[in-house]
Amino acid sequence: MAAVSVFPGVRLLSIGDANGEIQRHAEQRELRLEARAGDIALYNAENVCVFKCTITRDTECSRVGKQSFIVTLGCNSVLVQFATPADFCSFYNIIKSCRCPATERSVFSERTEESSAVQYFQFYGYLSQQQNMMQDYVRTGTYQRAILQNHTDFKDKVVLDVGCGSGILSFFAVQAGARKVYAVEASSMAQHAELLVKSNNLTDRVVVIPGKVEEISLPEQVDMIISEPMGYMLFNERMLESYLHAKKFLKPNGNMFPTIGDVHLAPFTDEQLYMEQFTKANFWYQPSFHGVDLSALRGAAVDEYFKQPIVDTFDIRILMAKSVKYTVNFLDAKETDLHRIEIPFSFHMLHSGLVHGLAFWFDVAFIGSIMTVWLSTAPTEPLTHWYQVRCLLQSPIFTKAGDTLSGTVLLIANKKQSYDISIVAQVDQTGSKSSNLLDLKNPFFRYTGSAPSPPPGSHYSSPSENMWNTGGAYTMNTGMGMGGMPTAYDLSSVIGGSSGISHSNLIPLGEPPAVSCPPAPLHSEPQDLTLGTSTNTGIVNHTHSRMGSIMSTGIVQGSAGGQAASNSSSHYPVNNQFTMGGPAISMASPMSITTNTMHYGS
């Protein structure tokens, strides 16, 4: 059953044309209008229904001015005046969805299969899924820090939140002083967002608008658009197109948070991952499975498994070259730019070995008037619910250090709200070539919560000797019990002491990383923000870290390790008790650190 939207403070004027004379009647008292789908009803203070009708495609009705609506039924017309333009806008969007002819399709409907859209909005209508995203402290904390630190971009401004979900970003905008926030949400989560707005006494500043941003209207243009439209590999789910579509509501010189997105890709070697996929496909190689020969399907099984992008994290030592960056400037990009994304690459190989595929991650930047804040999903940063994505080649390519690996990654948008990926790679010196076709809609979620293993041959001294020579964290005195017999002990006291470094885990999984704090002025170094540019970057810097804690529904807060951010906003301090946007947030791009940027704790 559709949700009921309630609009208080409504006035009613009825106009009749009986016997050739114009007759008018106005309700002197304010009424309450309730709308469910196409059914509207007006009630007085005694809860008596004074008017009721159903709006369909054939109903004669129209907008009048900024906050009124007229319905004609037979010889009588009814004019409904709403208390505010925002109330009228919310009501009008409900009515539009009921009156839209079947032949009229929005931009979203044109690019999306109905079955995919139903599944998509059902998924995001669950509170548990919103919780998963909200508990990603890197994601949520970075958004809050970016908005609060750039409070001048929000104070007394009108903001549009695209795909607001629970409304958390809208609340951040209000915390930064926004005058009005229009929170648009197409899933049933809009009902929960509206309840949160009411329970937080913000109905005068936050207006929840149920519907797709491609199909709704706003009573005014906005100064700022905020959203969290990123999917795996940045582009999955195709919500970035809805984010760009929302620019039709943006004032000239308005801003968008996030402002730019960088996709990074680099070649990797991982024999274990490659063999895992082959091993799974080998199930179909059996000549007598319960008396049935399955081997005819083995080739199809290999193709299917290798079409799956791998979602997990990894040790950065599997990367064999510096990453290439592809930048999208959301302020300049058009929706059609994301229908076909071509990323050329040329890697100067730093190591010899087999290239099994390409690894992908992304960073987004919030470029505000006061500072630029980066949200990174790089393998050196705290793990997020985006993880990293790896795309295998069906046939590995052998390269030597100094070789050039060149080729193209092509992403073609499909109606499943995702992309078909084509990868072609070639070693220029030898002519060795490999390729693969992948389906980003059907990834394999491989992450287990354990520390990623380093590649074989990563130790250049004896790990066993290092284990016993770690700074006196363990002595035979503490390890001996009664009678001089060794007692049971935890090896973490040997290899995980406060002064030691665990060489088996180079990825900080739960612990906030060192804070990157640029000197004043608080802007990152100017960069080329042209859509569709790809550039080489330095290989990601690594900070050693002990392993933190992970849980399936989000990232458990880790210890700050004594590191503290010294540049928290004096206007809107963020409580670091929950590590939300505290030490975890880098104020400079983690993938492109300028020479005058200070790194604490590295």
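Every residue gets a Cβ built from N, Cα and C, even glycine.
Look at Swiss-Prot and you will find 117-424 tagged as domain 'SAM-dependent MTase PRMT-type'. The S-adenosyl-L-methionine binding site annotation in Swiss-Prot covers Gln130, Arg139, Gly163, Glu185, Glu214, Ser242 and rests on similarity to another entry. If you look up Swiss-Prot, you'll see 470-602 marked as region 'Transactivation domain', on the strength of similarity to another entry.
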Query = To what whole number does the mean pLDDT across the domain 'SAM-dependent MTase PRMT-type' (117-424) round?
reply = 97
Inquiry  = Same chain only, sequence gap of 6 or more: which residues have a CB within under 8 Å of the CB of Arg139 (S-adenosyl-L-methionine binding site)?
reply    = Met133, Glu228, Leu375, Thr384, His385
Key: Gln130 (S-adenosyl-L-methionine binding site): secondary structure state under DSSP, collapsed to three categories   = helix
Ask   = Far apart in sequence but close in space: which same-chain residues, 6 or more away, have a Cβ under 8 Å from Glu185 (S-adenosyl-L-methionine binding site)?
value = Gly163, Cys164, Gly165, Gly167, Ala193, Val208, Ile209, Pro210
Request  = Give the number of CB atoms, excluding that of Glu214 (S-adenosyl-L-methionine binding site) itself, located within 10 Å of its CB.
outcome  = 21
Task = Please determine which of the binding-site residues listed here (Gln130, Ser242) has the lowest count of neighbouring CB atoms within 10 Å.
result = Gln130
Ask   = If you run the three-state DSSP split on Arg139 (S-adenosyl-L-methionine binding site), which class comes out?
value = helix
Inquiry  = I'd like the number of other C-beta atoms within 10 A of the C-beta of Gly163 (S-adenosyl-L-methionine binding site), please.
reply    = 23
DSSP-derived class (H/G/I helix, E/B strand, else coil) of Glu185 (S-adenosyl-L-methionine binding site) = strand
Note = Three-class DSSP assignment, Ser242 (S-adenosyl-L-methionine binding site), comes back as helix
